[in-house]
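Copied over from TrEMBL, here are the features:
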REPEAT    7-39  repeat 'ANK'
REPEAT    73-105  repeat 'ANK'
REPEAT    106-138  repeat 'ANK'
REPEAT    167-199  repeat 'ANK'
REPEAT    200-232  repeat 'ANK'
REPEAT    274-306  repeat 'ANK'
REPEAT    307-339  repeat 'ANK'
REPEAT    340-372  repeat 'ANK'
REPEAT    406-438  repeat 'ANK'
REPEAT    439-471  repeat 'ANK'
REPEAT    472-504  repeat 'ANK'
REPEAT    505-530  repeat 'ANK'
Amino acid sequence: MSDLESYGVTALSLASEQGHLDIVECLVKNGADINAQDVAGVTSLVLACHHGHTAVVSFLIGNNSYINTATFDEWTALLSAAQNGHSEIVRMLVSHGADVNLKRSDGWTALMSAAQNGHSDVVNVLIDAGADVQIQTDYELTPLFMASQNVQQLIKYGEYVNVRCHQGLTPLMTSAQHGHMHVSEYLIESGANINEQNDGGITALMLASYKGHTDTVSLLFNYNANILIKDSKDQTALTYAVKYNYFKVVDAILSHCLYLDSGTKHFVDINTSVGQTTLMLAARNGKLEIMGLLIENGANTDAEGKDGRTPLLIASEQGHISAVQLLLRHKANVNKTDQSGLTALMIASKNKHTKTCKLLIHAGASLSMKDPDGWTPLMFACQNAHRDFLYLIRESKSSFDETTPDGTTVLMLASQNGHSELVKCLIEFNVDINRSNANGWTALMLSCHYGRNDVVKMLTDAGADVDKTDLDGWTAIMFASLGGQVETVRLLLKSKARINLLSKDGWSALSIASYNKHLEIIKLLLECGAMIVYCLQGKMFTFDPNNFLISHEYSENFDSSF
């Protein structure tokens with residue numbers, strides 16, 4: 001069996017598809033099954049109708065081909081012919097009993113196919129044959145929603161111009177969204193409600209703006225479309241045009257607003273439900289032309305969203321340096337904060353936008369302002385590996401000695417996060433590497449606890465005190481032992497860290513490692529001479545690794561020589 005035969009394809013179906021009438025006639029006369037279907041349910045008649053082979057269709061119909069037989073996806077000969085604009089075949093099928101209102105399970109009809117594809121002749125044939133112009137799909141779409149060139153015929157035969165389909169869309173909304181200006185005009189002239197809103201509050205004007213159809217927008221204005229209508233999210237047509245970066249549409253809307261003599265200042269600063277003005281949207285996208293146009297029409301450069309963010313803060317977050325320049329040129333407040341207390345410089349620093357930071361600093365952005373947690377722009381830079389910001393600080397001759405309320409230094413922030421390039425810079429800038437925070441922790445202790453070995457090596461090579469203690473008497477090697485950082489312990493041992501120091505509670509690096517079951521560190525410390533006599537809660541004990549570990553339900557035994 002050939003591949004074609006396995007799919008149910010017959011010689012008759014192939015001849016019908018190719019339009020070979022003589023072969024079709026020969027096959028039928030010799031007993032070929034005229035109504036045979038392939039594995040998809042397609043008949044020879046459907047194929048001939050689809051490809052517009054009129055003579056073949058006529059012959060098949062004349063030899064009792066079933067006209068209304070549908071494929072397994074519910075496609076009939078009439079649907080195929082209508083979709084492809086074969087008006088003579090449609091007329092032939094209708095005259096031989098094809099059901100013009102036969103629907104697929106989703107409600108789709110031959111008239112909808114013809115209307116959607118702009119086949120005016122087919123639309124006329126179907127309507128003359130009694131096709132229902134108001135029939136709807138499961139999504140409540142009517143033929144008018146599909147139409148582009150066939151609006152006049154459908155309205156003439158009774159289609160209601162303001163019918164609402166799925167989600168409340170009207171034919172005018174659909175036409176405006178697709179930029180069919182002449183169709184939109186005919187619908188309006190035929191009584192379409194220009195300011196009708198769908199279930200989400202969206203109008204035809206908003207949809208035309210959303211898709212950037214400037215001519216359609218202008219047409220709608222000519223018929224008094226209301227530019228102040230908001231959708232369910234408080235978005236206007238201008239909001240959509242700005243959000244999707246259509247400068248010409250924005251210009252048309254603002255020009256119309258001026259024409260109405262209603263002024264644009266209030267209009268451009270309308271907030272959406274999430275608290276964004278049009279200038280904020282343009283700033284987020286970095287669209288300078290639109291931003292300039294909005295500012296010229298009175299947009300407030302310091303307007304705040306629900307989160308307190310201004311256009312400048314938004315542009316700074318995105319690193320849109322030209323947008324930041326434009327806003328600063330129009331007197332945007334460079335030190336304004338959002339609701340979380342962040343300035344534009346803090347946000348730009350956190351996001352590693354160096355050029356934006358430099359611009360903000362030159363415009364007077366404060367390097368010393370702190371958020372509610374006491375963090376400065378420099379701290380955000382060190383937390384987020386923004387190395388180039390350190391050079392901006394040095395250029396501005398500002399201090400690297402600032403700390404958070406708990407005494408955490410910028411070196412500590414960089415160290416605990418493993419930002420070795422920043423640590424290297426800070427060491428070169430001569431920061432105090434042994435400075436402690438409120439708990440007595442140093443940059444070395446923090447980097448040891450988190451196993452930031454590159455940083456540990458930099459700090460020890462730079463002379464960090466490996467035996468300095470915090471308020472509880474803990475040293476760097478104790479922090480490394482607590483965190484199970486084997487390689488860090490090795491580095492500290494190479495730097496001559498004292499392994500037998502005890503904390504105020506009598507803990508040693510060895511007992512800490514043992515308590516936390518860090519076997520490799522225990523072995524390493526014992527090999528390097530860790531004492532097995534220790535003091536805990538004021539009493540002297542002899543350290544027994546096996547007993548200590550067994551008491552904590554750990555099974556591995558140590559050699560008795562330890």
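Using the three backbone atoms N, Cα and C, a Cβ is placed for every residue, glycine included.
A TrEMBL annotation is a machine prediction, not a hand-curated record.
Beyond the ends of the repeat 'ANK' (200-232), by six or more residues, the same chain brings 167-168, 170, 172-173, 175-181, 184-185, 188, 194, 238, 240-241, 244, 246, 248-249, 252-253, 256-257, 260, 267, 270, 273 to within a C-beta distance below 8 angstroms of the stretch. Counting residue by residue with DSSP, the repeat 'ANK' (274-306) contains 17 helix, 0 strand, 16 coil. On the 0 to 100 pLDDT scale, the model's mean across the repeat 'ANK' (307-339) is 97.
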